[in-house]
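Asks: Pulled from TrEMBL, these are the listed features:
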DOMAIN    A:25-215  domain 'ABC transmembrane type-1'
TRANSMEM  A:27-47  transmembrane segment
TRANSMEM  A:59-83  transmembrane segment
TRANSMEM  A:95-117  transmembrane segment
TRANSMEM  A:194-215  transmembrane segment
Amino acid sequence: MQNFLHTFFDPNVMARYLPDVLSGMMVAIWIGAAVVVAGVTAGLALACLRTYRIAICDVFIICFADIFRALPPLVLILLLYFGLPGVGVRLSGPVVLFVVLSLTLAAFAEEIFWAGFSSIEKGQWEAGISTGLGFGGTLVYVALPQAVRLAIPPLVNRVLAITKMTALGSVIGVLEILSAATTAQSFSGSATPLSLAAIAYLVLFLPLVFAARMFERRREQSLGR
Amino acid sequence: MVSRPMLEIVSLQKCFGDNVILRDINLKVAQGELVFIIGPSGSGKSTMLRCCNRLEEPSGGDVIVDGRNIMSGTRRDLDLMRLKVGMVFQGFHLYPHMSVLNNVTLAQRKAMGRTAEEAKARAMDMLERVGLAHKADAMPAQLSGGQQQRVAIARALALDPLVMLFDEPTSALDPELVGSVLAVMKDLKAKGMTMLVVSHEMGFARETADRVIFMDGGVVVEEGAPDEIFGAPKAERTQAFLSRVTR
């Protein structure tokens, strides 16, 4: 037991590397927040565009969604970070991480929102259009709110899965939680910084999981079920 | 009647590919008139109704509402026209994410440009009229089918329509709820609304319709006063249909 605590929760090591892990947490929060905003917005915009059923746009959107859902983000990160300088484009680690995770989230979010739109019955559109709201008005006031509500539970899961992938920044030198912890681990020779990292991820993500649960419960109540 | 018709359908055609749904429908509905459309399923009656606000795009012909051809004009004209043509669906189609009140105010605010106060006042009047003012804050899922359909009628009425289209408004309702919806429609008729109704409520048609149209195979087979159509139908197809539905 003593040994276990010493390995994973050494107080001296904790005190020493806490600031590093905390600053890694800030980096993860910034990049994660930017990814969520950009990825969800782009995904929603693409799903809305798809409701117009313009053939050429649909082909583009479907290809985008399928490719970026199929590719492992790590592959893309390495490709952009180590490949692009070869053609004269040099992006910083955080930018590469942001771009790749945003595109990945956008691809998944588009499919999730589109599934939401698809499950709205045709009558809802007809009701909106027959009351003079037009396609655009019906999209914004009738279909979108319903699609978003349907999308939220799977979207939250996907958002959590992808924001956790900020840890992939550690392979291209982004100083987020995991790279701060692995650096500390190799300096200190203790696993404690990695425990700190695990705790940091819990502190970051558990409240989001709880918030999602609360939201889901409120939604069920508001629909009068 | 001397006044021009409120709704006029001129040689309306509709086909899906090779499948002809409507061939050459002509119909005039005068102001304040209730025209009832009956016919077997697949006769094209719902499609005809849906062409009257271009939910279904006609393949040919014209639809004229209050002197205006809805087949010409811009997209904006089309949306303005739709404000003037109220539609009630078999499946109600209330917006499930909004309260009853917001269901009735949405198009008033976003399509007509009424202020929130104006829209609310008008909505409460219309909900009062269908006997559901006390349900203004309820969610649609908390209402019975009959109540939902009455809210849907209030939603259409709140836009001050010139014509109301009813597409089998009671077909999805439990029998004991049908009466409340028909009562609202009867009240509308009494207040002078122009109405085009597709329905199987033959008793209601007999009681309130000014004219009954029998459609089959995408054409108007016979039309006349309710007593003529129900009492002494001339066409063989009308006789056959009525003997099947009024057993």
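Glycine too: its Cβ is placed from the backbone N, Cα and C atoms.
Looking at the shown structure, what environment does each listed feature sit in?
Replies: The list of residues near the transmembrane segment (A:27-47) in space but at least 6 beyond its ends in sequence, with Cβ under 8 angstroms from a Cβ of it, reads 61, 64-65, 94, 97-98, 101-114, 116-117, 147-148, 155, 159, 162-163, 166-167, 169, 174-177, 200, 204.
Sequence-distant neighbours of the transmembrane segment (A:194-215) (same chain, 6+ residues past either end, Cβ-Cβ under 8 Å): 8-9, 14, 17-18, 21-22, 24-25, 28-29, 32, 152-153, 156, 159-160, 163-164, 177-178, 180-182, 184-185.
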Asks: Would you mind listing the long-range same-chain contacts of the transmembrane segment (A:59-83), meaning Cβ under 8 Å and 6+ residues beyond its ends?
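Replies: For the transmembrane segment (A:59-83), the far contacts come to 46, 49-50, 91, 93, 96-97, 99-101, 103-104, 106-108, 110-111, 162, 165, 168-169, 171-172.
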Asks: Report, as numbers and ranges, which residues of the same chain sit near the transmembrane segment (A:95-117): CB under 8 Å and 6 or more residues beyond its ends.
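Replies: That would be 31, 34-36, 38-40, 42-44, 46-48, 50-51, 61, 64-69, 71, 73, 76-77, 80-81, 143, 146-151, 154-155, 158-159, 162-163, 165-166, 168-169, 172, 174.
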